[in-house]
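Marked as transmembrane segment by TrEMBL: B:35-55, B:191-212, B:239-263, B:269-291, B:303-322, B:361-379. For B:131-382, the entry in TrEMBL reads domain 'ABC transmembrane type-2'.
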Ligand SMILES: Nc1ncnc2c1ncn2[C@@H]1O[C@H](COP(=O)(O)OP(=O)(O)OP(=O)(O)O)[C@@H](O)[C@H]1O
Ligand SMILES: [Mg+2]
């Protein structure tokens, strides 16, 4: 109350808007003496779908909360939709749809009532009509009177996304929107996000799924609060400089354990019936696997590093650096 | 996908709109919450009946003692009458003034009747002698009606003793009451207005004390805070529905008090309604303030209770305000219930007007504004 912030509470939509929708520098957040996000900078352009990846507890949710004014950064700052994240959070909230990681709509309100509530808070001229339209669009007609708490996980996510986009935001912050959702629903979800982005909406989405990461225009990878890689998927893979071999055959468990201890091997990870062996130095890696290449029980094949390889490698290196 | 978005237009005048959004949401949730809903209706009814029973029932077996300063037929008749009635449970006959005082002080008896020397002779001469009654009035409901009972009992006893018919005017005497520990003469009628305040205080505090902590514990606060809604709007949206609820409760209590217990409303009913609404809003604001300070629902309830206790004890509901030590009176002055008791007792029993009650009204309004200001300032708009 009473801050400069209030003056912009009903600020006009950032008309054409800046081309860089999220532009933050040096964001740092501490809880007690633990630094949860460290010196994080991020730029997201209008219309981009920006994937935000990282292991559990790496600070994704914390970062997203700082972007929409739910947490105050201890250091750093920047803008969201051109508004200062420290001082103009009310204006930001009007044009940002934030989908929380944990379902946070009112479980004791029906689908329709939740949508109408959001419509009213955002001051839509016809919240009832807007809610009805959203229900039709979400395919929730049969369930409009069902209590939100009794919806299945997938439907809850759909409803949560529906309430986020109801007030016509310009930026969506989606925190693991597809966790626990079946593959078909997940695909529909992503098709919808792409349709929204095509309309000019900017989307920052955190996820643990590699296939989702690959559907993003750009990704950022964060571990232990530090942004370790960012850019297009190809770019990130290339920048990692990881060479990879795929092995199949028998005794892979044993082999994996031995290889993991061999210098030149930076990452060993089982992939289905295969094993991915990767190293940042191509020559060293080849030397390391050379003794096993002649084993007739194994078949070796040079492979392109996957995003997952890159992330696992990044994570294990981050572990060395920050633990 | 975007094309199908209906009614995405905007409007100004956001304050009322957002407060209204919050209010509608709270009402819908209230309607769904059967238990809370039941409590809202049941608590006032239960308490009213409970207390109402205590009010309506003449005291039974109130431990009583008698000190006879003279041996007379009249004295013996009174003693017999007290022995034979169910109002009193005759404990013993005190021998001396000192024993009489001690028995009442240590709680052996709650009620003592002293028949002074020369009572009979004075009675016969028509001098209106006084029958001295000492009552431990720490339980004012009991002793209040026991006094009334004693009056009738003595009259009947005197008539019998002289063999007069029941309609005959009995010899004239006076009961001089010394209500120990409670100099104010508390009557039954004082209780219902007081009860109105007590019930409203308790239920209103609890309703809002849970409102913010509930959102935090259920995780809905994160979504709510991510929306462009101000703390003031959240507060008003959460308080206003309960003003209606409180009003209904007040109506139930006043209605039942009037119909069942015959409590009059001497003064202006509209004034009573208006000031009751103010009192309801004040307590809701205080409860809401607790809610913004508490970490969880349990803490909020504890805070509400810690506030509720002095309201009962120091407002003049339990003990007469004038009889309290000065420091207790100062505390009492800042409690909403103190002022509301003066308001309800004033309007219902004495027909007091607003001009006379303006100090109490202003104190209630001030308490409400202070609570609301603290709540808005304390409301955490972030998850830090
Ligand atoms: N309010 C808080 N108080 C103290 N510590 C917190 C708080 N919120 C988050 N943390 C800590 O900060 C770290 C980062 O949490 P965050 O929720 O941002 O991770 P995340 O990347 O979203 O993880 P996940 O993938 O599991 O959702 C965690 O170790 C968490 O315990
Ligand atoms: Mg998270």
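Glycine residues also receive a Cβ, built from the backbone N, Cα and C atoms like all the rest.
Note that the structure is predicted; figures quoted are calculated from it, not measured.
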* **Outside the transmembrane segment (B:269-291), six or more residues from its ends: residues with CB under 8 Å to it** => 196-197, 200-201, 204-213, 235, 238-239, 242-243, 246-247, 250, 254, 300, 303-304, 307, 336, 339-340, 343-344, 347-348, 353-354, 357, 361, 364-365, 367-368, 371-372, 374-375, 378
* Contact between the transmembrane segment (B:35-55) and the transmembrane segment (B:239-263) (3 or more Cβ pairs under 8 Å, separation 6+) -> yes
* Structure fact -> If one takes Cβ-Cβ under 8 Å and requires six or more residues beyond its ends, the residues near the transmembrane segment (B:191-212) are 26, 36, 39-40, 43-44, 47-48, 51-52, 54-55, 141, 221, 234, 238-239, 242, 245-246, 249-250, 253-254, 257, 261, 263, 276, 279-280, 283-288, 290-292, 294, 297, 300-301, 303-304, 307-308, 311-312, 315-317, 336-337, 340-341, 344-345, 348-349, 379
